[in-house]
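**Student:** Before we start, here is the structure in question, set down as structure tokens.
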Amino acid sequence: MNPTILTIILLNLFLGTMITMISSHWLLIWMGLEMNMFSMIPILMIKPTPRSTEAATKYFLTQATASMLLMLAVIINLTHSGQWTIVKMFNPMASYTMTIALAMKLGLAPFHFWLPEVTQGTPLMPGMILLTWQKLAPMAIMYQIHSSINFNMMLTMAILSIVIGGWGGLNQTQLRKIMAYSSVAHMGWMTAIISFNPSIMILNLMIYLMMTITMFTLFISNSSTTTLSMSMMWNKTPVLTTMTLTTLMSMGGLPPLSGFMPKWMIIQELTKNDLILLPTIMAMLALLNLYFYMRLAYSTSLTMFPSTNNTKLWWKIKSTKFPPLTPTFIIMATMMIPLTPIMAILD
């Protein structure tokens, strides 16, 4: 793609998200989402192949449907409140429709079917943008209207997302699909806490973004898209492979690493609100995610490529792609657990 055109598209993507995040007028919010969506389609097709075209078409149809439902909810709210600004939604139908529209945009279960397919059909860099930057605008809207969201509906979708995010990734060998199902599960954790403490949701979103960007930069630096290609990393880049293992464990939420912090705080907050069964179920379902992260870590770091001699031949061409901020992202994605007391105070 022409660099000038790509720069304009990325700028439009940035502006669309920013307009949505800073606006309090529903029409501007909707316009920002549309700018965001139409900028994302050529990014998904940055390498024009039949698979990327199919992925972009699926993305367009899903997001256009979600935008239509969002505008429907806004119009219903307008007829009952008489204003376009974000206020508490007194009409249940507007609240239900708005929640479904945002769930479709985020890829929450049961509206998650498009996310793994679209992520798998695109290169690694557009896939990273889809699973990170594209979550900001819908989460910003959800943050602003969290008091109007139907509690039971949101909690049901959160539990369903954690279940499907775990089960869906169990039998996958494609790294992009694994990351997509991981995104579904993480979105479930965020939406479970948003009705109780939106600040913890923001913290969880920030750590999720750091971990996902770290994993994708590691995949990009090794040109890895499948479990098989990752299993050949140890002979060539043992340090990066070890970092991949550590980041995977952080995404699974193991205690010494950053990924444990949001889960710890969410479970603590839910327990404070006299909910014992819900965090217990969520913690048990998180083991599904940890299982396929461990399976990926096993094939990556705990096995070695078989050879008949003691010298590992450098048969694979050395990759020249190494994103400059990778060490910073790795540190932030794995070593932030000591900051938990400060985060708890801020929340």
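Glycine is no exception: its Cβ is also placed from the backbone N, Cα and C atoms.
The domain 'NADH:quinone oxidoreductase/Mrp antiporter transmembrane' feature in TrEMBL is assigned to 23-286. What TrEMBL lists as transmembrane segment is 58-76, 96-115, 151-171, 202-221, 233-255, 275-294, 325-346. Positions annotated as domain 'NADH dehydrogenase subunit 2 C-terminal' by TrEMBL: 290-343.
Describe the structural surroundings of these features, if you would.
**Tutor:** Proximity of distant same-chain residues to the transmembrane segment (58-76), defined by a Cβ-Cβ separation under 8 Å and at least 6 residues beyond the stretch ends, is recorded for 26-27, 30, 33-34, 37, 40-41, 44, 84, 89, 91, 93-95, 97-98, 100-102, 104-105, 111, 114, 117-118, 121, 130.
For the transmembrane segment (96-115), the residues of the chain that approach it from at least six positions outside its boundaries are 33, 58-59, 62-63, 65-67, 69-70, 72-74, 76-77, 89, 130, 135, 137-139, 141-142, 145, 148-150, 153-154, 157-158, 160-161, 163-165, 168, 180, 183-184, 187-188, 191, judged by C-beta separation under 8 angstroms.
Sequence-distant neighbours of the transmembrane segment (151-171) (same chain, 6+ residues past either end, Cβ-Cβ under 8 Å): 96, 99, 103, 108-110, 112, 116, 177-178, 181-189, 191-192, 194-195, 278, 281-282, 285-289, 291-292.
Sequence-distant neighbours of the transmembrane segment (325-346) (same chain, 6+ residues past either end, Cβ-Cβ under 8 Å): 199, 203, 207, 210-211, 213-214, 217-218, 221, 243, 246-247, 250, 255-261, 264-265.
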**Student:** What parts of the chain pack near the transmembrane segment (202-221), using Cβ distances under 8 Å and only residues at least 6 beyond its ends?
**Tutor:** 124-125, 127-128, 131-132, 135-136, 139, 143, 175, 179, 182-183, 186, 189-190, 193, 240, 243-244, 247-248, 250-251, 258-259, 261-262, 265-266, 319, 321-323, 325-326, 329-330, 332-333, 336, 343, 347
